[in-house]
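Feature list (source: TrEMBL):
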TRANSMEM  B:20-39  transmembrane segment
TRANSMEM  B:48-67  transmembrane segment
TRANSMEM  B:73-92  transmembrane segment
TRANSMEM  B:99-119  transmembrane segment
TRANSMEM  B:139-159  transmembrane segment
TRANSMEM  B:171-192  transmembrane segment
TRANSMEM  B:198-221  transmembrane segment
TRANSMEM  B:228-247  transmembrane segment
TRANSMEM  B:253-272  transmembrane segment
Amino acid sequence: MSAALRLVNLTVSYDRHPAVHHVSAEIPAAEMTAIVGPNGAGKSTLLKALLGLAPHIEGRIESTVKRIAYLPQQAEIDRSFPISVFDTVLLGRWSRFGGFGAAKHVDIHDAQHAIEAVGLSGFERRPIDTLSVGQFQRVLFARLLLQDADLVLLDEPFAAIDSKTVNDLMAVIQRWRAEQRTVVAVLHDLDHVRRDFPNTLLMARELVDAGPTARVLSSENLLRARAMAEAWDEHAGACDVPMKLTA
Amino acid sequence: MLYDLLIAPFADFGFMRRALVASLALSVGGSAIGVFLILRRMSLMGDALAHSLLPGAALGFLLGGLSLPAMSLGGFLAGVATALVSGVIARFSSMREDASFAAAYLTAMALGVLIVSLRGSAVDLMNILFGAILAVDEAALVLVVSTATLTLVGLAAIYRPLVVECFNPGFLAAMGIRGSVYHYLFLSLAVLNMVAGFQALGTLMALGLILLPAVASSFWAREVWSMTLVAAPMAFASALIGLLVSFHVGLPSGPVIVLFASLFFLGSLLLGSRASVRARLSHPVHLRG
């Protein structure tokens, strides 16, 4: 099993406070990996780091992927903005037409297909501010479909989403896996992770464990993650773990 | 009778004609800027930005007297500098951008009033603060019309990145695009429009004709382009009616124009087709699905 991503002693910090602390792990290629951990454990920050959007990174990320698609948490999008479902989905082809080029027929055709694939036919001209949370998540998944990426990063894709929508969107994710794409998802529902995600990375700023889900999500590991989360010190001194230790 | 009321002022007086053309150009370019200011939740920051033109215009006034090119260039530079400085402050400290904007524009206003008072009279200060649309000359007209042209062409060019930067900046960043480039290009166009409006309406009210019609348009339309199409005629209508009223009644034109723009806003709030008072009251029966 080859790795799509290898994190080598990765530390990501905001204002010198590490949100991800000395994490070394591998994300297997063409597989589905869940990232699990308590709130504030650095899960979203880790995704941002993989995208190259984190403010300050120490350590290394070794990557074999060419194109990354990213599903942000919904709070990062202004859903009151007057833009239609179709235009939002079509943005998935940004890498083809960029900020100034015209969308080709094939892009428009594919956008139509993506909208059908997520079950939103007939919603094309609707402004996004009239959609429910679940419908809007379908829109974002359709945009991901158009991005044709070999690594898909999903930040809490199923937060506040009903089970019907979760099932439909999971079908999309399974399709990505069948197409040999690597999927990494931040998730909170552990039963769901056990059911659908063969690999898990459990973290609480530091890595607790990474590997097959059945092993990683042991009650012992989960307890450890919670204890680490409770032991966080906002007034910590300088970290004395040498950067070379695990590299 | 009707001719005397509506046509004669423009037929008989060159300054009224120039004021009319200037307000048409301001309306077309400015309303597009206004719509984006609202969508970026920057209406108040835009206002602050308009006030910050003052020290630049005042410096131009100090060096070149009441000369349009000097004051316009000074105002433009001061506006862009304010936008950049507050952006930089927000980035390098944890201060929110609206707070740093407020700090920057208050400093700029105080500096500006001080600079004008060094040489000018109270009348000059009034002119700079409140403008004089009836004093628009050919040079000012060229400035206003070029600004409108540049604004429309510029906004058309950066439309897509700007829209995405508004509603989903993270997506743009993930595509490897620096959204801040478009943010500042847009702000420069906004400042340019404020400079153009400044001669007519002054630094205190330059934003009136830009922002009020845009706010009003949000009660009628729900897409960026259609909001602009609704806002521009409302802006021009307020300018036209405002000019005529101020001519016949003998009131200062700037505030009258802005007040008519406010009337359009109030009317839209009451009668608009969406999210208005009428829309809320006239559909007591909810739909089946």
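Glycine residues also receive a Cβ, built from the backbone N, Cα and C atoms like all the rest.
Caution: TrEMBL annotation is automatic and unverified by curators.
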* To do: Would you mind listing the long-range same-chain contacts of the transmembrane segment (B:99-119), meaning Cβ under 8 Å and 6+ residues beyond its ends?
  => 45, 48-49, 51-52, 54-59, 61-62, 78, 82, 85-87, 89-90, 93, 125, 128, 203
* **Stretch contact, the transmembrane segment (B:139-159) with the transmembrane segment (B:253-272), Cβ-Cβ under 8 Å, 3+ pairs** => no
* To do: Select the range from B:20-39, B:171-192, B:253-272 that forms the most Cβ-Cβ pairs under 8 Å with the transmembrane segment (B:198-221).
  => B:253-272
* What same-chain residues lie close to the transmembrane segment (B:253-272): Cβ under 8 Å, and 6 or more beyond its ends? -> 19, 23, 130-134, 200-202, 205, 208-209, 212-213, 215-217, 219-220, 234-235, 237-239, 241-243, 245-247, 278-279
